[in-house]
Every structure is written in C-alpha cells, then in structure tokens.
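Asker: Below, the features straight out of TrEMBL:
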- B:5-166: domain 'CSC1/OSCA1-like N-terminal transmembrane' (DOMAIN)
- B:187-344: domain 'CSC1/OSCA1-like cytosolic' (DOMAIN)
- B:355-621: domain 'CSC1/OSCA1-like 7TM region' (DOMAIN)
- B:6-27: transmembrane segment (TRANSMEM)
- B:87-111: transmembrane segment (TRANSMEM)
- B:145-165: transmembrane segment (TRANSMEM)
- B:357-381: transmembrane segment (TRANSMEM)
- B:401-429: transmembrane segment (TRANSMEM)
- B:449-468: transmembrane segment (TRANSMEM)
- B:549-580: transmembrane segment (TRANSMEM)
- B:601-621: transmembrane segment (TRANSMEM)
- B:627-647: transmembrane segment (TRANSMEM)
Protein chains: 2
Amino acid sequence: MEFSALLTSAGINIGLCALFLSLYSVLRKQPHNYGVYFGRRLAEEKFRQQVDYFSLERLLPTAGWIVKAYWCTEEEIRRVAGLDSVVFLRLFIFSIRIFSITSLVCIFGVLPVNYHGKETNHGRIPAESLNVFTIANLKEGSRMLWVHCVALYVITISACILLYYEYKYISRKRLAHITGSPPGPGHFSVIVRSIPKSDNELLDDTIRNFFVNYHGSSYLSHQMIYRKGSMQKFVDNAERVYRKFVRVKMSSFGQSRRSDLSRCGLCGVRASSFQQYRNKFINSKKPDLSDPEVIEAQKDCPGAIVFFKTRYAAIVASRILQSSNPMLWVTDFAPEPRDVYWSNLWIPYRQIWLRKIATLAASVAFMFVFIVPVAFVQSMMQLDQIEQLFPSLKNMLKKPFFVKLVTGYLPSVVLLLSLYTVPPLMMFFSSIEGSISRSGRKKSACCKILFFTIWNVFFVNVLSGSVLNQLNVFTRPRDMPSMLAELVPKQATFFITYVLTSGWASLCSEILQVYNLVYNFFRKCIFCYRDDPEYGYSFPYHTEVPKVLLFNLLGFTFSIMAPLILPFLLVYFCLGYLVYRNQILNVYYPKYEMGGKLWPIMHSTLVFALVLTQTIALGVFTIKHATISSGFTVLLIIGTVLFHQYCRHRFSSIFNSFSAQDLIEMDRDDEQSGRMEEIHKHLLDAYSQGTTNMDNSSSSRNGGAPIEMIMEDPAQDAQDSNQELCDAVKEVTGSIQEHADEM
Amino acid sequence: MEFSALLTSAGINIGLCALFLSLYSVLRKQPHNYGVYFGRRLAEEKFRQQVDYFSLERLLPTAGWIVKAYWCTEEEIRRVAGLDSVVFLRLFIFSIRIFSITSLVCIFGVLPVNYHGKETNHGRIPAESLNVFTIANLKEGSRMLWVHCVALYVITISACILLYYEYKYISRKRLAHITGSPPGPGHFSVIVRSIPKSDNELLDDTIRNFFVNYHGSSYLSHQMIYRKGSMQKFVDNAERVYRKFVRVKMSSFGQSRRSDLSRCGLCGVRASSFQQYRNKFINSKKPDLSDPEVIEAQKDCPGAIVFFKTRYAAIVASRILQSSNPMLWVTDFAPEPRDVYWSNLWIPYRQIWLRKIATLAASVAFMFVFIVPVAFVQSMMQLDQIEQLFPSLKNMLKKPFFVKLVTGYLPSVVLLLSLYTVPPLMMFFSSIEGSISRSGRKKSACCKILFFTIWNVFFVNVLSGSVLNQLNVFTRPRDMPSMLAELVPKQATFFITYVLTSGWASLCSEILQVYNLVYNFFRKCIFCYRDDPEYGYSFPYHTEVPKVLLFNLLGFTFSIMAPLILPFLLVYFCLGYLVYRNQILNVYYPKYEMGGKLWPIMHSTLVFALVLTQTIALGVFTIKHATISSGFTVLLIIGTVLFHQYCRHRFSSIFNSFSAQDLIEMDRDDEQSGRMEEIHKHLLDAYSQGTTNMDNSSSSRNGGAPIEMIMEDPAQDAQDSNQELCDAVKEVTGSIQEHADEM
C-alpha cells in the first residue's frame, strides 16, 4: 500500500468520525433519545427531562459533552459508576501516557532511521510505499540498529514504571473502596455447596448443626438454595405474566407521562408479594421428613447461603477447608445479592470442574475454527486472488479508488463484523462454566475474548498467508522470533488501517449507540410505544477491555517496527478516553461491582505485550546480525519477566482476597457505632432467589435500579417479549389446569 | 544387540545381585557392622548388641531378613518410620500390581504379535536381534495393531483404577495420621515474616500488639527469630568445641562400652545449659530501645514464631491475608521444631521470590548442560565411534565378549555414575531457594531431580543420536509423537540394560550401604575409632522416589513397544519392595515428617507416564496407518486427563491443608481431657534456635534421637570433623581474646 492510500483511509475515517460525533451531539439533545443517551442518569439521578419545545440550538452540533466528560473527577466517576469504570479509564490514562512517550521516541528517533535505511532516491512522500517507513527498509548488519535497541529500552522502562505506579494506585483505590463502601450482605455471607445428605435429618438441620458446631460463635443464620421445582416455576411464570401485563398496559394504554419511579415501586411491591407467597409454600413444606416431596426437594438443594455475624468470620469460613473431604462442604465467598447468578448456583458442585474443562476446550476449538474468516480477510489484501474468485469485478478493480478501498479499508471491516459474533458466544461459554456471580462470568468472558482477540487478530493475521502455511509455522516455536520479525513489518499496513477502522469507527459506534438508537426509533415512532426508558444495562467490559488491550499490544509491537501506527493510536486513546468517560457517566448503569479485579488481567496483558515486542525485536536483531543489540534485548526480556513476578507478589493478593486487618477494623467500627444489629437484620432477607428480575426488584428497594433497568440487552428482550408473554400465559393456564386436575 | 547379549547382561546382573545379597546377609551379622545396618534400631529401640562370640553361622548367607521385612505390617512401619515410608512402599505395591497386569497382557498378547509381525524365517531365539520383539517389527498398515490398542486400554484403565484407590487409601492414611498424631508444636504455631519496623517501638512489642489486636482471643505468645550475630556465633562456637571435645574424648580414650543413651543425655543437658546461657544474653538485651545494638538486632530480625491457643486459630492465621500489603506480616504454617531449617528463616522474605526464580533458571540450565555426558553415553552404543576415538582399542573391540560388555553394560554404568552428581546439586539449589522446612527442601529437591531424571534419562536418551540432531527435534512439538514413535522402540535395548544395571545394581548398593560400610571399616579398623553409631540419617526420598518413578515411566512407555522389559522391571519392583522395607525398618532414622505429601507428586508423574505412553502409541498408530486405533487412543488420552483433573479436585487439598472439622475436633479433645494446659506450656520452649545439633538436642529430650543421629551425612561430617575442631578452638580462642580486649 502506498502512503497516499493510507491518507485516503485516514481521510475517510476522520470525516466519518467528525460526522458521527456531530451527529451524536445533535441526537443527544433530542428528548425522545434521552433514554438512549442518558440511561444511567434517568435510572439513578432522577434526571429531569426538559419540556419538549423546539429550538434551533437542538439541531446545531456542539462540543459541550466533551468538556463535561473531561472535567468530571475520578472520585465522582467511582461514586456513580463503581471502581471498575475507574480502572477502565486508568487503562486509557496509562495508554495515553506511554504512547506519548513512545510516539516521541519512535517518530523522532526510529522513523528517520528506518526511512534512510537504504540508500535509494526517495521520491515524493505520498507516493512512497509504506514499507519504506518500517524496519524492513534497513539493510542487514546496519549500524543504526542501536537506535531501535535504545528506543526499546526507553519504552520498556517507562512502561514498567508507569505500570508499577498504576498497580499501586489502583490497589490503593481498591483498598479504599473496600473499607469505604457501605456494609453489603456479600461481606457477611458464604455460599456452601455440596452439602452431604443424610437420611434421618432435614438438610436445613444438617447445615445448622454443622455451622453451630464448628463456627458457633460467629454463625448467624442460613438460607437454602432451592432448585426450581414445578411449583416454583408456576409462581415464576405467574410473576412474569403479571409483569408483562403491567408493562404492556403501561406502554400501550397507560398514562402518557408518569414518573418511572412510581412504576418501579409498584412492580417491586407486587413482585415481593409474590415472593412472600412462594416463601409460604416453602415454609409450609419444612417440618415433615416423611413426605416424599420434601425428600425430593432436599435432593435438589445444591447448597445454602450462610450468614455470619462479622466479615472476618465469613472470610475465615470461606478460605479454610471445611471438611476432610474437599468435595463436601465447599465454601466460597458469596457475591453481592445483585451479583448472584442464580441459575448457576443450582448446578451441582461436582459438575463444575468438568464444565470448566469442557468450556476451555470449546473456546480453544472455536479459536481455531475462527481462522477461516481471518484467512479470508487476509486474502482480500491480495487483489489478484479476488480477481480470480470474482472475474466479473476485474474492470472495477482496475480503478485506483477501488483498489485503495479494497486493500485499505474493506479487510478490517470484514474482520470487525465477524468479530461481533464472538462476545455472545464467549459469554455463553462463561455462563455454562458455572460461575456463581455475574461479575465472575463477565471476568471469565473477558479473559476468553482477550485470548481470542490477541490470537485471531494479531497472531493469525501476522502469520497467515494461507491457512496451511500458518499452521506449519506454529509447530516450530524456536523459529517464532525470526518468523515474527520477518512477518510483523509486512503487516504494518493492515494494522494501521485496522486502528483507523476498528478503533476509530468502534468509538463512533459506541458513542452513537447505533443499535439502541434504531431500536428506540422503531419502538417509539413505528410501534408507537411511548417513553420506555429500559436502557440501563451495564458496561460491556468483556468486549471493551480486550479491544483496548489489543490496541495497546499493536502499539507496543509496531512501535519500533513501523512507528507510523503510533499517531493514529494516540488519537484513538485520547478520543476513547473522552467517549468512554461520557458513556460511563451518562449511559451505562452499573449493576454489579467487580472491585477492580480486571486490573491484574490488564497488567498481565500489557507485560505480555512488552515481552512479545522484545521477542520480535530480538528476532529482527538476529536477522539483521546485530549481536550486541540482541544481547541487550535478552537482558531486557529477563528484566521484564522479573518485574512482572515482583508485581504479582506485591499486589495480586490484594485483588483476590481481603485482609484480616481491614475486615476486623470494619467489623469493629460497625459494632462500636451500633450498626451491626441493623446489618444483621437486613442480611436475612437480602438474598431472594427467583427470576433475574425478581432479585433485582428487591435490590431496587435499596435504592437500586427499577426492574426494567436490569435486563442484559434491551433489544433482545424486546424481540422475545411478545413471544414470552404468550408462552407465559399459556404456561400459567396449563399449570392451573394441572393443579386443578390433581386436586 | 542380540538376545544373547541381553542374556549375558542379565546373567551378570543376576549373579551380582545374588552375590551382593548373600554378602549383605553375612555382613549384617557381624557386630562391628551393626552401626551400618541397624542405625535406626540402635538409635531408637535400644537394640541390644549380642556378645561378640564367633560362630560359623555368622559366615553363612541366610534369607531371614527377607522374611522379617516381608511380614512387618504397614501400621508398624508407619509407627517407626512415619507416613512417608508407607507412601513410598505403597508406590512399590502399586507398581507391582500394575506391572503384573501389564506383563500378563503384554507378554502373552503383544509380544507374539510383535514377533510374528513380519513374515521372515525366525532362527534360534538367542541369535535374534532384540528389534524382533519390538513394535518396529510390525508392517505398516498391519491389522494386528488392535491388539496394542486393546492392551493400552487395559493398562490405562487398570492403572487409573489402582491409582484412584491408592490416592483414596493414602488420603485416608494421612487424615488418620493427622488426627491420630500426638499434639506437636507445629500445629499451634505460625511463622510470621516481613514484620514492618517502627522506630518508636520494640519489634517484640509490635508483634505482640498486632496479634493481641487482631487475634486477641487465640494469641498465646511469640518468639523472635534472631539472625546469627557475633555474640551468638561465639556461643555457637563454644558449643561446637565442647561437643567435639566430648566426642573425641569418648571415641578415643573413653569407656569402651557405654550405653549410647547416657552419652546422649549428657550432651543434651550440657547443650541446653549453653542454650540457657544464650537465652540470658538475648533476654538481657531486651528492654533498652536507645541501645544501638538493640536497634541493630531488630533490623536483623527476619520474623517470629507466633503461638496460638488452638490448632484452628493457628491455621486461620496462616491462611488469611493479614495486612492489606501482601508483602508485610506474611504468615505461614510453622514446621515442626525438628523440621525447621533455621538458616533459611534468616532470609528476608522479599528475597524469596527472586531466589525461587533464580534456582528454577539454574536447574533448567543444568538440565541442558547435562546433555553432554548423556550424549557421550549414547555414542558408546555405536562401536565404530569408539574405535575412531580410541584406535588402540580396535583389537580388543573385535572380541565378542567385549562387544557385549561395551554395548550392553558400560553405557548405563557411565550414565549411573554421572547421575550421582545430581542429587547434591539439586539439594543445594533447593536450600538456597528459601524453604523454611527441611521437609519442604527435600520435597522441592525431589521434584527437581524427578524432572531432571525424566528429561535426561528418558527423553535425551530416546531422542539423541547427536546433540545437534536432538535439539532440532525439540523445536517441533507437533512432530513429537511420530518422532517418539520411531525412536522409542529403537532404544528398547538400552533401557532394558538400564533396568538391569541401574535398577538391580542400585538396589544391591542400597542394601549393602557400600559407602557407609567402607567408611565404617576405615574408621574402626584403620583409625581405631571404636563403636560410634553415627548412622541414623534420614531416608533419601529425593533420590529414591525419582528413581522408582523413572522405572514406572519406562515400564509404561515400553509396555506395548517392547514388552521384553517388563519381566526385568517386575523383578526390580519386587526386590525393591523387600529391600526398602528392610532399610526403612533397620537403617534410616526419620528426622522429620512430610506427612505423605510426596504422593500427589507420584500420582501426577504416573499419570504423565500414562499420557506419554498413549502419545507415543498414537504416533505409532499414525505411522503404521491404523486410523481406528489412533481415534481410540485420542479418546483414551482425553479420558486420562479428565481422570487426573478429577483426582486433583477430589484429593489434592487434603495434602495441602488441614480441615477445620478435624482441627476443631482435635482441639476439643485436648481441651476436654485437660491436656491443653500442658501443651501450651511445652509450646513456649519447643523452638530453640541455633546450630542444627542444638535444636535436635532439645528434641531428643522429647524422646527423639540423640545428638549424633542428626547429621545429614556421617561420612562428610567425619571428613570435616578434625578440621572443624581445630577451627573452632581457634575461633573460640580468638573470640575470648577479642572480648578481653574490649573490656
């Protein structure tokens, strides 16, 4: 690709970005889009809707949102969107810092060396091939390779220093978050699974006896987890129908402008009345052990939530092996009520190891199957192959504009589109893996998507030419560095356009919320539902974190190979920082908190990116016969690995556990202030099991979100909505019929 | 190699074995060898020495020891030699069982198929090449490969069943051992390291305040760990000189026949009087914070041993993160007093991660350096290469006996001898790694030697031809199965002779205790030391476990490739079982207990051996175009991996931790029986720091071994002994001089 083709691509993207951002600044001012662009604020801050009068100002693009997003403090963000958002934004800050340094070093140090690597007559820069700017332009045995080695040292050392301070900063934030957060039921609760069944004792009594016996001084109470039986399904269905009914009534025939909160309260009360109804069913069943139905229910019980009097007691119970058979009385720290993933709690504990292996195998298999579309994308870079496949396009492909479009733009669009199928699938894998919390599921999905992205976007694209060829490469790990060293600079063009398309365009699509916008439009203007603010879904860390980390990886690996990528990346990070700040403040509603647990993943990935960069550089130095630089690079690799190990020892435990010191101090504070009594009282009804919406409705009473705010994806829900309503009505009718028959 | 050469080798070895075993049965009856062959019994059981009258019976070989070793019960072995010995012997029982099955299946099923694989005229069996008996004799596309596949299934399934029951059995034994063992100080103690220093508080007070504050209800007391200062070195030296003096006096001029116990008691008392002296020094230093010497001592203090009132409290304190900085207040379960490795306790905690990485790197580097002698051994198998190297041997190498000797016997002897350098080096690596217990150090050394042995004996021998060639192989992991499939049958000859020489001969050398026998002879007859029973050193698990596991690995991998190895192995395991039983009962004195923690390592290695076998079989089936068998083998590999994962989940926690249930029950028992008071009293003076001999002398008061029993290696100690005495006297004189000057 020529430099001018790159400029074309950049031009298209800058234009598109400007267009989309202006569009956003206009669209966000239209009152009927408030639900799309101010989901969180509508849900949480009782955001006042302005009166819907028309003004010219509403049609003019403005940049006020950027200013607002920029001036918001970190503490404010933590308060409204949780620690995870802060951590995510810190990743951007780190990226901006390190790539500012990298850009300086590489554009002014490395790029001129590359450009003047071979003694050729340079023509006009726009007509130059992009390869002239990469390290491939240097002769073998060139004396100027020390510049690259020094640049590598500068980049690595600054990255390590920045990473260390970020880790330190975020651990401090996390500790402050833990000690500063209000007492949550999760801190006092432990989930016990795989409880041994006995024939002559109720399961309820078994649990009580065990904990009174071994944790008598700190045991408070417990709550059984019941698997959904037929009776419960009946109750759940009734509830669902009721809610659907309420919703349909409201959106179609209801009052035109009611407060959302009144509705939420209404649902909440009704929902919990259903719950009491169910609890009565369960309670009435309790005492008779001779009843076969009770025994059946006992068999189905996969565990219990046990409440303790203090946080410290809870963590002790969750960390210590309870029984001499490690497969019995398995304890685990309980997630916060909103975070519990009930349907996974019903999975018997002995299945979990098998599920984990199976999902791992499935993810790996999928990673390899996905090579097919990636190879297709790569083949698009070779025009002659396309001509062979589609002879009819021959004439069109002769036109220079189309050539630029096809080689510079289309491949990464295709890759981007095919990548959209990955997150739902990985989320599905993480669901069946058996995580008991929603945050755990999202974290697991995040890791899977991260591996997937790095493998399929970076490695496969770099190494592919044809599918067979690249599989051959992976069977020789020793040749990897030199192989990568040869191939990486060649792919610089592709990845620069990938940053432009996937990076910049994805930011625009993120801020415009295209999907929700269209959905909202159809809902309001075509189907005439009125004013239904169902958009408070949570931030998709599992898709965004891998994306940003991938761009970091690209930045590091190409920094000294093909420094031209750096300015585009820097723009991406700056724009991304503003866009995500805005989205976090206005759109996403945090349903559960991961407590910054994503940072260790980010840190490890960034260190991996550094080591990969160094390995590729080592390969380049070896190919170009720069022995001294190779030696220094090996030292640098060892240093980076040691740095990572140190950070792991110094910080990682903070993200996996709580310290006795902190927990005991918090317990003492609560006891001295007399809050403990109240906490214990709340504890007992904090966890209410049932449908997803139900447990959320209970949380909404504690100042959380209204019911409808809690759906994973509003669009999908809408599609299922009508079908579900019909099904639910049918089911309830069926159940009533059945019960009538039984009686 | 021909079958007859194998028979020669086997003949030589059977003869040698018979000779050595007869020799042993004679030597053990000579009273002046009692110290060599009955170390443990002399040390522990007050074994009565017979009067030294001469009889003809003493010179006749007998087999009574075999009977005695065989009829001893497992419970008896556990009582006298600890759980580790039981676990080690269970490995032999497992091996005998599985290789009985394997031999049956392979000798009667696989061997005839291999032998009749190609339609050649078989001559007399002794003149046949050994290759005729291996799988290499089968044609490509042979239909008889299903026999091998079925054999593989039978072997794997029986191995998994046996492994599962062994794991279950040993976990039950371990639990019984924990609950049944008398209360040891280790159960109530926690080692705290990396204590934050404060300027205005004594370290002693810091520790007390911390534990009283956060573990007030269960904290009992604590004991500082001091780094050896100059004063302490002086005391230690004086102690050493005293002990040397006592020893020299006794062995040279002392009474001719005294009870060992009286001497031990004598030393014990004196040693502890020295200890009180030192403690007084430490105590006198305590109160004044302004003293710069105290501040210096504080700086040097790397940690403390904290005692708790109950076992449960101790395990809670050791398992929970104490401070929000994971590098401060690091807690760890304390080893038993005899097991503490004091000099490693003095290592600052923040060095440990670095030491671990460094030793890992050093071990790996050593593994690769060791390829050189292995390649030399391999080159000995090719006669023409030797002829080239040593042209003068040309005539000798023409004689058939020498040919058989050189190809069939010498290579494995050379390998065996060079392998003797490995255990001390790996033990050294494990020492500087920073393990705080002797058992931990031994376990770590065991793992290192295991990796080393499997890599250098199995892989390098199988894959080598020339050093360069084999390095090439390792860079292509995908080709490994087929590569192994081609190479493993070719090396059958070498490994059969390896079993004969290294296996059988090492058993003979083990039972004869050649080194100690010679040492003892020189000591008594040449240097005229009389009757010095210094032989109670502990069982070398770190060398023996890898050896036995290697033979298991060889057995599995060659079972269907070259079944001729199996009878030799079976003989090895049966003989080994008797020999080690005898040695454990008579010779070795268990100084510390690993509590069966070696079993998980053994289990994993055995599963690895199974998977390796299956992988090689997969390669063979692929090479020979047996598609169906390949498919079934892949299924088998998946099944084996799943089995391993299940075992890990089911059992491994038992070996890493203690359960709350067990510990609380034990605490209650002790409290109800009123023993707790007494335990607490003993606790405070259980850990006495200082020289190795000192802390052992304190343990000897609790019914342990006498002082001289505790040295790691008596032979080495003897060499150093005289030199040490001189040095120590010099040092003490110097110290006294210094102190006199100071005053």
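For all residues, glycine too, the Cβ spot is worked out from N, Cα and C.
Neighbours and distances for these, please.
Answerer: Within the model, the domain 'CSC1/OSCA1-like cytosolic' (B:187-344) shows a mean pLDDT value of 71, rounded to a whole number.
Tertiary neighbourhood of the transmembrane segment (B:401-429): same-chain residues 1, 4-6, 8-9, 12, 359, 362-363, 366, 370, 373-374, 376-378, 380-381, 383, 386, 441-442, 445, 448-449, 452-453, 456-457, 461, 493-494, 497-498, 500-502, 505-506, 540, 542-543, selected by CB-CB distance under 8 Å and a gap of 6+ residues from either end.
Counting only same-chain residues 6+ beyond the ends of the transmembrane segment (B:549-580), those with a CB under 8 A from a CB of the stretch are 6, 10, 17, 66, 69-70, 88-89, 91-93, 95-96, 99-100, 102-103, 106-107, 110-111, 114, 130, 133-135, 148, 151-152, 155, 159, 450, 453-454, 457-458, 488-489, 492, 495-496, 498-500, 503-504, 507, 510-511, 602, 605-606, 608-610, 612-613, 616-617, 620.
Cβ atoms under 8 Å from those of the transmembrane segment (B:627-647) belong to residues 145-146, 148-149, 152-153, 156, 160, 163-164, 167, 603-604, 607, 610-611, 614-615, 617-618, 621 of the same chain, restricted to positions at least 6 beyond its ends.
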Asker: Count, for each of B:6-27, B:145-165, B:357-381, B:601-621, the Cβ pairs lying under 8 Å from the transmembrane segment (B:87-111), and report the range with the highest count.
Answerer: B:145-165
Asker: Which range wins on Cβ pairs under 8 Å with the transmembrane segment (B:601-621): B:6-27, B:145-165, B:357-381?
Answerer: B:145-165
